Structures are given as C-alpha cells and as structure tokens.
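*Asks:* According to TrEMBL, the protein has these features:
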- 226-233, 272-276, 326-329: GTP binding site (BINDING)
- 1-32: compositional bias 'Basic and acidic residues' (COMPBIAS)
- 92-104: compositional bias 'Pro residues' (COMPBIAS)
- 217-386: domain 'Tr-type G' (DOMAIN)
- 1-49: region 'Disordered' (REGION)
- 61-111: region 'Disordered' (REGION)
- 220-368: region 'G-domain' (REGION)
Amino acid sequence: MAPKDKDSTPPKKKVLDLIEEPKVQSRRDRQRAAQTVADTPAPPSALDKAKAAALDIFEDAGKKKRTTVRKTEQSGKSALPTISKLLEEEPAPAPEVPATPPPSAASVSPVVPVAEEPAAEEDTGNIISIKPPIIVSELAARMSLKPFVLLADLIKLQIFVAPHQAIEPDIAARVCELHGFIFEREKREKGGGVHKIEEVVVEPAAPQDEPEDLLQLRPPIITIMGHVDHGKTSLLDYIRKSTITKGEAGGITQHVAAYKVEHEGKPITFIDTPGHAIFSDMRARGADITDIVVLVVAANDGIMPQTLEAIEHAKKAKKTIIVAINKVDLPSANVMRVKTQLAEKGLQTVDYGGDVEAVEISALTGVGIPALLELLALQAEVLELKANPKGNARAAIIEARVQPGRGATASVIVETGTLKTGTPFICGPFAGKVKSLINDRGESVKEAKPGTPVEVIGFDEMPNVGDSLVEMDSIRAAQKLADERQLDRRNDRLQLTRKSRMEDLFSNVIDGTGKAALKIVLKCDVQGSVEAIKNAIGDIKSDKVNTQVIIAAAGPITEGDIQMASSADAVVLGFNVKVEANAVKAVKSEGVQVKLYSIVYELIDQVREAMLGLLEPLTRENIIGHAEVRMVFKLSKSKGRAAGSYVTDGKIHRKSHARVIRGGVPVFDGKMSTLRRFQDEVDEVKSGMECGIRLGEFNEYQEGDIIECYTLEKIPQGL
Ligand SMILES: Nc1nc2c(ncn2[C@@H]2O[C@H](COP(=O)(O)OP(=O)(O)OP(=O)(O)O)[C@@H](O)[C@H]2O)c(=O)[nH]1
C-alpha cells in the first residue's frame, strides 16, 4: 500500500529528504505548536468532550487526515524499503547531513541499523522509533520537548499519566504527529533477536471545526428520559406512528433502536432505547451523541426519583432539556404542580420566568405532540447542528444484537461522513466491512448520512454500545488496528493483576524487581486523623522501603481516589470511612487494593509489617494462556455445558485455575473440571489448537467469551 504522504514526493525520496534535512520543523516551531496545544481552551464539558476536543488538534484545518505510518520490514515486502537499505543503494546523501543538526537530531545517526540486538533507539530526522514501553519523558526528550508539553497533549486525549509512565503506540503516533514527527514502533522478532519496525495504524481522528463550507445541517438527536410509567414508550410510539405515511405502516412493526421522523419537512432522530442506559453506556465511552433530552413527567404523578436522576444526567452532560408534561388527558393531571416542582429542581419553565421549554402533551390522545415536534425542530435550528457528509464516516453504536441469518448487527447513528456499504471499519477492538445497511423502515439502503439511524450488518463480533464505528482506508488497516487493540486489552487484563498490594511489597524487594516504594492514598473520617496517621506512617523507618502518601484527605473513598491509586500504582487505606458505590465498581475494574481500618494502630502496624515483609504470604497469579469460546455444547442434562474453544495464546492446563471473561469483565472464576481434545481428556492444550473446556459447575458460556488460564504461586514471606 502506498504511503499517505500529503505531497506527491515518491516514498523513497521522502525518506531521503528527511535524512538530508532533519530540520523539518524547528524546535521553536514545535514548541510553538505545543504551546498552541497547551493553550487550546478546554471545552465546557471537559470530561466527556475532552477526547473529541483533543482529537481536534490532529486535524489539519478540519481536513481528513490519516497518520502516516509506513514502515520498514526486514523482509523488504513493504512498499517502502528500509532506510538502511536505501542508504546502501544510494550512499550519497549521508555526507550531506547538516554539520550542525537541530537539537532533535544532534545525537542521531541517519542510519537505522538492522542489528542483532535491539539497538538504542535512534531518531532519523523526524522519525522516532521506540520499542514499547514508550515512556512519556523519553518520548518528550526525543522531540526535545519538556515532558509537561506532552502531558498537556495527553490530557486532551483523556490520557492521564505521569512522565515516567508508558503510553500506547497509537497514542504516541498521535502526539508525534502533532509535533511534526513520525512515530514508528520497534519490535523484537521472536528468536532471531533482529528487530523490525512495525506499522502503526491509527484510527482517523474525530473531526472538529470542519470548514464551514463543508458542513450541512443534520437532524437533531433526541433521547427521551423520565420516571418509569410516565409514558416514554407511549410518546415514542405515538411519534413514530403519527409521522409515517400509510404505505409505510407495515414496515414499522419491528423494533428499532432509533428512528428518524419528519416534522413539516424537518428531520428529527429519536433514540428509542431506555434513556438512562444509553446515557450512561455512551457517556462512559465518551460517545455522547444526544443533542436534546426530552424529559417526560406524568402530570398526575409529578417529579419522581427517576425524573430527578434524568435531570442530573442531562445537566451533567450539559444537554438542552425540553420537558414534556404527559398524561394531561387525565382528570388528576396537575400541570402547575409539575412546573413548581421543576422550578424547585432548578428547571424554571419559560412561563415561570425561566428558560426551559415545557409542552403539555398526551401520548394517548396525541394532544400537544405536534407542538413538541415543532419545538424540537426549532431548538435544533438554534443549536445549528451540522456535520460534514463528505468527511470520514463515523457512527455511534446505540444497540447491538445477534440476529438469525445476519449474525452480529448494530444499530448506529451516523455522526459525520456518509456510511456506505462496502466501507471497511474499526469498532472498538473489532474490524469489519459494511455488508449491508437497513434503515429504520426495514429497507435496504446504500448509504446513511449524518444524524441518520441505520442498522449495520458486517460485524464479526458483537460491538459494544457506545463504541464508535470509524471508517478505515482498508480492511487490512482495520484488521491491524483491531489486532493491536485486542492485544492491548489482554495486556491490560494482565496488568490488572499486577497492581501493588501491601503483601507483595517486600517480595519485590527480595527478588530485586521492586521499586521498594509503598504509595498510599489515605482517606480518613476527619482531618485530625488524616494528620495523625500520615505522620505516624512517615515515622516508620526502613532502609529498603519508602512510603509515599500521594493523597491524604478526609472523606469517603471515591472513584477519583481509586483512579488516582490505579494510575500511581498505590494502595488505598481508609480509616473509619466507607467506599462509595462508584468507587466499588472502580476497585473491581482497576484491581486496586483497598484496606479499611477502624483502629489506628492496626493501620499503622500493617503498614509497618508490609514494609518489613511481615504480612501474610500471598499467592500471585501467573497468566499462562487464553482460549476463546467458539461454540457452546450442551452435554447430557446432569453435565451442563462445555465450551468449544480455541487457544489463542499460551496454553490451557487442566490443573490450573481459569476465569471466564466477557466483554473485558470476569464473570466466573474457578478450577478447570474438564479439558478435552476430541474424546480424550488431556492435561494441556497449546496455542492454535481447539479443545473442550468446563470450569467447575459453570454452564453459562457464550460465544466470544475468553477463558483465561492462570496458576497461583506462593510468595515467600518476609526476609
Ligand atoms: N391516560 C394516559 N395514559 C398514558 C399516557 N401516556 C402513557 N400512558 C399510559 O401509562 C402507562 C405507562 O406508559 P409507558 O409508555 O409504558 O411508560 P414508560 O415511561 O415507557 O414506562 P417504562 O418503559 O416502564 O419506563 C401505559 O399504561 C400507558 O398506556 C397519556 O398521555 N395518558
């Protein structure tokens, strides 16, 4: 595949140019660029929009852009020869390297050696190659930048790391591109010790601030929220049925996750799936596509707990709220009461002197619904919702399911670009190609424009709600990115089990691998205990282990504390405090150790014992392999089900422990009860082979589950 250079310079010449003129971008230019990035004002809803806002910086005046990344392979199969090979063929350019190269190239040879050992990483002009782990400070040094400049870029990508921490290759490629560098990942070849440089495929960035002339109005995307039984479904049904023409009536009986209606020639898209779920699933993934929230409140019931929750969600996401006061046909309806309650919750309706639009409707009789649609269309005009239909296609997954005869399908709403049949795509960790598109009326269509809901057929695996389906150049590039993401996920899972634990602390010191630092997030009931405990911990002396209290504060253990502990690899110690519900989830997903105490001395003693290696011996997990469930077999009644699996890496061992992982989350953990190859019980099955697996009494296997096999190793105690 030809490299995607912006100009027409042939690939070979381009590389030589880079070598001959390493001053592709001066340090000042780069610093200015970095400063511009650092100065870019944060968008109003910093957290959920940060990713999109940050991706903005990779767009060149809104133009669609793919990150470069042609690399060299020793095999020479690549379209671009290795740099060293080029130099062999054309040795002339070497002496032309400027006598005083710019800082980034000062200590750099233009030749990338193909060595027996992975040599020290070398820069070639503006090409940076680093073998993972890619440490932020090291990458910054290669670009002659201060680490904080890269950290600012990374924060805009919602990546919160410290300078000494590692980032993923595709992220490195993005920040490199931002500063005028090309990132290449080096990889050590198995066995031979020779390293080759790998292609890094990057997902095209989400477009922001496209040039005005490319943008066209798109339909607003509406999510309906409200308390149970207040009439959300009835309202959606009424709108759908009342806005279709008679001839189409037959086509709307099937369930759709979203549909588009027209009100007086203006299109409006409704998401027809439980508002709360879609909100939390999608917002959790930063794929927040709703433009307007319609808050349904039953006039006879008034504001109820889920109404409040919906208000919270919508406010947090900074969405425009339009209130539909429903069931006004009922004699018990009390519209005034609803408006008063709304005002008490900070939603002052227009007739109460506020700016929240409210419409009185009946989803049963249809009263007020045209007025509601009118208001939505008007609001959309005010919001000036636009997208570039010619840009790179990007769509948000709002529902995914397996359909007989179609396999895994997903309902998506196109955010930008035009999604067409035949388009190769990446969606989370899966690659695919759009085989067909079905619109909300069950008709097959060739394409879907921004704001349009459509069912996509062409997934090999079921995608996750909230993930983005993004058009890629080729199925090969999509597959490559998918492979990398799957590998990263596996590595992430492995790392989860490697988080710091107090019990492990001293064993790290013993085997010489540890940093010998116990990092602590300390949360206490009152500030007085915070100070007292922090001082007491500081007084514990050990010549092998240091403590570092990275947070010391009063209050419950929050999700933020867990995130901080996770990124700093710290343990969380709580004194007389509870763990908030969200934090409990984070503890599970991040694998952070939390220890709670109600006696000060117990806390201090445990820290001391950890530092002296006196805590209970602990078992450590060693992951030995993974298998993917390809088919679920029903055994005779008493025996339940077995998982027909394919060993994807390492090996599966009958005497080991194993867990079933679904969508990245462990759903069962236990001992292997059966391991078979065909009819035979076997002890071990290696990578690339199929086998039948049963774990304990577990029977709920699903295709696509990952079985992770591990052994437990006892960590020796103390000195
Ligand atoms: N009288 C009257 N009844 C309504 C109206 N809208 C909905 N209902 C009735 O209220 C009940 C609940 O309506 P749904 O549309 O299922 O409410 P929902 O909010 O979708 O409920 P969940 O899906 O359970 O959250 C049903 O029996 C509807 O027929 C209305 O405007 N007037």
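The first residue you see is number 1, and the count goes up from there.
Keep in mind that glycine also has a Cβ here, set from the backbone N, Cα and C atoms.
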*Asks:* For the region 'G-domain' (220-368), what's the mean pLDDT in this predicted model?
*Replies:* 84
*Asks:* Determine the Cβ neighbour count for Gly226 (GTP binding site): the number of other Cβ atoms within 10 Å of its Cβ.
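*Replies:* That number is 28.
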*Asks:* What are the DSSP helix/strand/coil residue counts across the region 'G-domain' (220-368)?
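*Replies:* Here the numbers are 53 helix, 38 strand, 58 coil.
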*Asks:* Counting every protein chain present, what is the number of Cβ atoms, excluding its own, within 10 Å of the Cβ of Asp229 (GTP binding site)?
*Replies:* 13
*Asks:* Taking the Cβ of Lys232 (GTP binding site) as centre, how many other Cβ atoms lie within 10 Å?
*Replies:* 24
